[in-house]
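S.K.: Quick one: the structure is below, and I'll ask about it shortly.
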Amino acid sequence: MDSYHLAPSRLNDISNDPTDITDQNCDRKRPEQQARLRSRNSVTNMSSVLMSKTVTPFLREHIPSLYAPIGKPGNQETARAENPNSKYCYRHHPDSKCRRAADKAKMVMIQSELDKLTSADQQAVTHVWSLFSAAPARHRDLMLQGILSQLCFPQLSFVSREVNEALKIDFISALPVELAQKVLCYLDTVSLTKAAQVSQRWRTLADSDAVWVRMCEQHVNRKCTKCGWGLPLLERKKLRNYTRQRQLAKGGPQGRITELADSHDSQHQSVNQHGKRPAETEEEDPIKKRQCIAEASKAVTQPKTRSWKAVYRDRWQVSYNWKNSRYKLSVLKGHENGVTCLQLDDNILATGSYDATIKIWNIETEECIRTLVGHTAGIRALQFDDSKLISGSLDHTIKVWNWHTGECLSTFAAHTDSVISVHFDGHLLASGSSDKTVKIFDFNSKETYCLKGHSDWVNSTHVDIKSRTVFSASDDTTIKLWDLDTRQVIRTYEGHVGHVQQVLMLPPEYEPDEEVLNGALQDNQDAMSVSSTGSGSPTMSHAQIEHAGSPGSHSPSYNPLPSSLPSGDDDVRHLYGSAFAADESRPLPSRYFMTGGLDSTIRLWDSATGRCLRTLFGHLEGVWSLAGDTIRVISGANDGMVKTWEPRSGKCDATYTGHCGPVTCVGLSDSLMASGSEDGTIRLHSFKPRPCQQ
């Protein structure tokens, strides 16, 4: 407490000079001190003569150059040449005049405080502002230094706060629109949505299509390599419906188009008060009818436009539900025996069962709209498109259906045993059977031929009409790639130790992780492949060669795996054989594919090199079915579980349970996942946005 006592001499000085306390603390003044200081602190009135001698000459000298761009014509060109950018005071242009937009709130506050002063004080303060505004940079620095040297600590704190706010430059609003949009393109989705909340200007720029179209290109229908986020396409159904509407407007084909047209027209037919439609008279003006049809056609053929942000938002909501396992579950019951196969497409689900029937379901209403009856034994495979459905059965036959009407169009009895798999692409159909063969049907030429090479049941086939190749998976634990031109085996993939049940082609956009490609040269050495000798018979495997003799005594038919991964298109083309090397215009088969087997594993393969790049573990029992796209892969297994996988990293994202038996088939779309089981039920998971998310 002694440190707070003042010396007597100091007390005398303070008592003799009471204004010294005011100098020590300018914020705390007694009423009598404020009255005493009011006269001393008031601004001295400047006479017009004094102002003309001091202020006027200063302003006359500096204002013409200061306002040259809008001032005297003689100074305009010189000012533009010396100061091309007058928006901000840059370091290399210290004499530039700031042209920033005024802060409305601050200007209102200054005007309010100025109005509280007397007229003389207002004039004096205005003169100070005018002198500072007209002064060059060197004069301004001198004025500021003098003012700052007179400020007390509270005033310095006030200046510090004001300077910090003034130094914050809204660079997004200051930059040209193109540059501002380029900067915003580097933000992630969360940051971009937060940027739209800063101001109206930021919202306009952050919501522009130029920014969000890049977001869509980076994430829609693919996994982003930077953030790992992928969004579904969601346009297949809309594009197909738009195409059908155009066909309807042009008087398109019959079938479902006609049904939609009838239902659409019936909605516009009026009903009288007795509940009956009014009779149409033949005297109606045909010109009016044609005008109505033309207007309806014009309305149909004009698609609705949406912002790219809205496009991204719809897909983000679906992807968010997938990532967080937020879904609506529906269980479809109707088959009297186990479900063996299914296909999911838009709003239609087709299922086949051991009860020898095929059911067509409406996903929205969850009702069975049609049952196809004709097979005499269980259905093991099916595939459908807009016009037809093809099914393979244990009764040794393949049937082609018009699934809109339920009519069986044709029946093929090409196999001598049960048909296990069917797959068509364009005019080609490939089927696998328990007779150990693959049959190819050409609908255009009506030609049918057989591919022999497997030593056990053929469980899965996939035909590619562009490259004219077929993949087949068999119970003999191998996968074969066939050339349809030569009808020979291009390559045999070995690595599974159990029956291979499914082969899944990955889209062309898929690229595995670099660490997977690098690790494939050292890992998975048990997964090898052999090429064909040209006769169609399988050649020696890696294990057989080691058993036969030393590594140097390889058979001439054996094609060892390359020691490094191919880098160019020519190198990849030669790996598929002489037929592809000779014809450079021939498209290559799918580079990467996945297989599932009863050894409880899922394997990722490189079809060119024949290497197994990755093995996915997680199922407790054998894997029966696979389905996938560019973002995810789903699998169904004998353990009654459905798992979703990230194809690039091989990570299991989620596990779904609920079936009381083995999951024999799975289906996938952008926002839906279906699984069928031997318990006779189909479980449908819908990841569409809920009403609260929209």
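Glycine residues also receive a Cβ, built from the backbone N, Cα and C atoms like all the rest.
Here's the feature list from TrEMBL:
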type	residues	note
COMPBIAS	12-24	compositional bias 'Polar residues'
COMPBIAS	25-35	compositional bias 'Basic and acidic residues'
COMPBIAS	526-542	compositional bias 'Polar residues'
COMPBIAS	553-567	compositional bias 'Low complexity'
DOMAIN	169-215	domain 'F-box'
REGION	1-45	region 'Disordered'
REGION	245-286	region 'Disordered'
REGION	526-567	region 'Disordered'
REPEAT	332-371	repeat 'WD'
REPEAT	372-411	repeat 'WD'
REPEAT	412-451	repeat 'WD'
REPEAT	451-492	repeat 'WD'
REPEAT	590-615	repeat 'WD'
REPEAT	616-655	repeat 'WD'
S.K.: Sequence-remote contacts (6 or more beyond its ends) of the repeat 'WD' (412-451), Cβ cut-off under 8 Å?
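M.R.: Same-chain residues near the repeat 'WD' (412-451) but 6 or more away: 377, 380-383, 390-400, 457-465, 470, 472, 474, 482, 484, 487.
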S.K.: Report, as numbers and ranges, every residue of the chain located at least six residues beyond the repeat 'WD' (332-371) whose Cβ falls under 8 Å of a Cβ in that stretch; write 'none' if there are none.
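M.R.: Non-local partners: 236-237, 240, 377-385, 389, 391, 393, 395, 401, 403, 406, 661, 664-669, 672-674, 676-684, 686.
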S.K.: Return the average pLDDT for the repeat 'WD' (412-451) as a whole number.
M.R.: 94
